[in-house]
Amino acid sequence: MNIVVCVKQVPDTESPRKLKPEDSTLDRGAADGVINELDEYAIEEALLIKEKHGGEVTVVTMGPEKATDSIRKALAMGADKAVHLVDDALAGSDALGTSYALEKVLGRTGFDLVILGSESTDARTGVLPAMLAERLGVPQLTLASKVEIDGSAIKVQRVTDYGYDKVEASLPAVVSVVEKINEPRYPSFKGIMAAKKKPVETLGIADLGIEADKVGLAGSASEVTDFAEAPPREKGQIVTDEGDGGVKIAEFLASKKFI
Amino acid sequence: MAEVLVLVDHIDGEVKKVTLELLTAARRLGEPAAVWIGPGLENAKDKLAEYGAAKIYVAADEELTSYVVAPKVELLAKLVADKSPAGVLVAATGEGKEIAGRLAVKLDSGVLTDVVDVAEGFVGEHSIFGGAVIAHAKVKRGTPIVAVRPNAVAPEPAPATPAEEQVSVTLSDAAKAAKIVEKVVQEKGERPDLTEAAVVVSGGRGVGSAENFKIIEDLADALGGAVGASRAATDAGWYPHQFQVGQTGKTVSPQLYIAVGISGAIQHRAGMQTSKTIVAINKDPEAPIFELVDFGVVGDLFQVAPQLTEEINKRK
Ligand SMILES: Cc1cc2nc3c(=O)[nH]c(=O)nc-3n(C[C@H](O)[C@H](O)[C@H](O)COP(=O)(O)OP(=O)(O)OC[C@H]3O[C@@H](n4cnc5c(N)ncnc54)[C@H](O)[C@@H]3O)c2cc1C
Ligand SMILES: Cc1cc2nc3c(=O)[nH]c(=O)nc-3n(C[C@H](O)[C@H](O)[C@H](O)COP(=O)(O)OP(=O)(O)OC[C@H]3O[C@@H](n4cnc5c(N)ncnc54)[C@H](O)[C@@H]3O)c2cc1C
């Protein structure tokens, strides 16, 4: 089975995250880059499926040069190879542009299964998996907390507000995963060493026939017009419990008409 | 005035509060036209009218709800083509965002997701990086599609008399590729939905065990609120995962958020920072959650929380 995992490098949530004043895009230099956390679950799920059904796992990432760190980590976890789409023309792409570019990459790798995290921790739009399913014209099996494959049949549990839906389709398909689907493995020392020798193909937009005016800041269909640090919350009142802490909160809630 | 399509979020006719918020927001942008997909409109009509729906497009065909997301998108795309609305509003729930995304691809239109406000001209306000930055964004191309975070806009009634129009769409084969064979409803008891609740009481590692979550539930029930949990608590298996608040859990924006035994890590804050009023109980005076609070008590949650519950019940 040809399994492709889309992996995004994001700024570490532990370090300060910023937008750049010039163009209101993410300041990727301001923070350490890490694999988007949910994408580790996507990689793990791909590896589990490969272990059970055979095949190959390819990591696809679109991002700046330094996203190779994330690719290496994915390969160290056990993915077989990677495709890295890097091009200055892609900087500042919105979700629509990103999904268009990723579609082109997937056109080149081919796939039986595309697995993504359900949301990134930086932009958190949560739209890419559905956008890709739409573009590729294959079943959308998103927000999955469980995936089962039997031949070309695939079943997932899709998390909903009320519980979950049981969904069935046939491959090829796009899957996005939620956090409780598995427990991502840590790369072993052997895995880290092996990753250094695994193939990473680096491509630019010309290699894939991506039209420059459909991506990047200029090609995007949406734009950030301005931004500012949120005003700090007014300093609240903090009291130490002296046996009446609960009553004190109740008084506060009453003053705010909550009770 | 141009129409603004509002996709109604409902479960078998029970309208979610976020729909009323969307209708309220839509009134600033044009004339709200509710789009109803699925069964159960009869019970819901009054609500939609009360909040200003000038029109209701009704698509009751069961096929539209038998497959994942795509059929709803094809219906909306057809409505956009036929009615040329000024824009489309959906709820920024998991599914709502997916609908917005697919529709954006279909229409080659820009999409803004998880906005906390939307102003004239479909300018969206984003609260990003755990609430640290406020950004405004707009759509440059196509019909603006905006997914609005539940509980971010205050719903205001503005009674209207909606005209009803039956609509339908012929689904493509691709839209019927992911079949929903069963909907499993997990018991949530009598509590309101986490993302919609006006009051959320969350417990963290400090709560210590699954049994102790009763303390959190009792407090939530006294306030008619929902129960949430930090990732430390859901990872430990003390409370089900769907109640996790934060970056990889649910984003909530209630009127009142009470954090009990939660330190206030950045990833937790990402899911609750836009709450209007924040209260915390924590035994560590240095806990970062206290940077956010309107009112905080440094103390043992096992003393303070039950006393608070008792005091609220006494005052009822
Ligand atoms: C603060 C902020 C707000 C933004 N708001 C919007 C907005 O409202 N509308 C809009 O159109 N754009 C927005 N953008 C731009 C958006 O971040 C990019 O287009 C991004 O590439 C896709 O969005 P996402 O990361 O939110 O994807 P999500 O849909 O949240 O990510 C889901 C999954 O898609 C995969 N994935 C995402 N990006 C890549 C990638 N580059 N390479 C490989 N796999 C990937 C990963 O598996 C990931 O887990 C915003 C950006 C920022 C920084
Ligand atoms: C990529 C990523 C995504 C994440 N996503 C999320 C997410 O979605 N949601 C989330 O919550 N976390 C998330 N986390 C985890 C987050 O970093 C924290 O680890 C987590 O929020 C901690 O939970 P906590 O506050 O309950 O536990 P702790 O940080 O251990 O805090 C427990 C608090 O309870 C207090 N306490 C203990 N006993 C008592 C008592 N008897 N009375 C009063 N107070 C007491 C302590 O003083 C302490 O402040 C994520 C982490 C990463 C890296």
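Every residue, even glycine, has its Cβ placed from backbone N, Cα and C.
What TrEMBL says about this one:
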| type | residues | note |
| --- | --- | --- |
| BINDING | B:ARG205, B:230-231, B:244-248, B:261-268, B:ASN282 | FAD binding site |
| DOMAIN | B:4-184 | domain 'Electron transfer flavoprotein alpha/beta-subunit N-terminal' |
Quick one: give me the count of other CB atoms within 10 A of the CB of B:ARG205 (FAD binding site).
16
When C-beta separations to chain A are restricted to under 8 angstroms, which of the binding-site residues B:ARG205, B:GLN247, B:ILE262, B:ALA265, B:HIS268 qualify?
B:GLN247
Which of the three DSSP-derived classes (helix, strand, coil) applies to B:ILE262 (FAD binding site)?
coil
What is the pLDDT of the domain 'Electron transfer flavoprotein alpha/beta-subunit N-terminal' (B:4-184) when averaged and given as a whole number?
96
Would you pick out, from the binding-site residues B:ILE262, B:ALA265, the residue whose Cβ has the largest number of other Cβ atoms within 10 Å?
B:ILE262
Taking the binding-site residues one at a time (B:GLN244, B:GLN247), which has its Cβ surrounded by the most other Cβ atoms within 10 Å?
B:GLN244
DSSP state at B:GLN247 (FAD binding site), helix/strand/coil:
coil
Hey, what's the Cβ neighbour count for B:HIS268 (FAD binding site) at 10 Å?
27
Under DSSP, is B:HIS268 (FAD binding site) part of a helix or a strand, or is it coil?
helix
Let me know the DSSP-derived helix, strand or coil state of B:ARG205 (FAD binding site), please.
helix
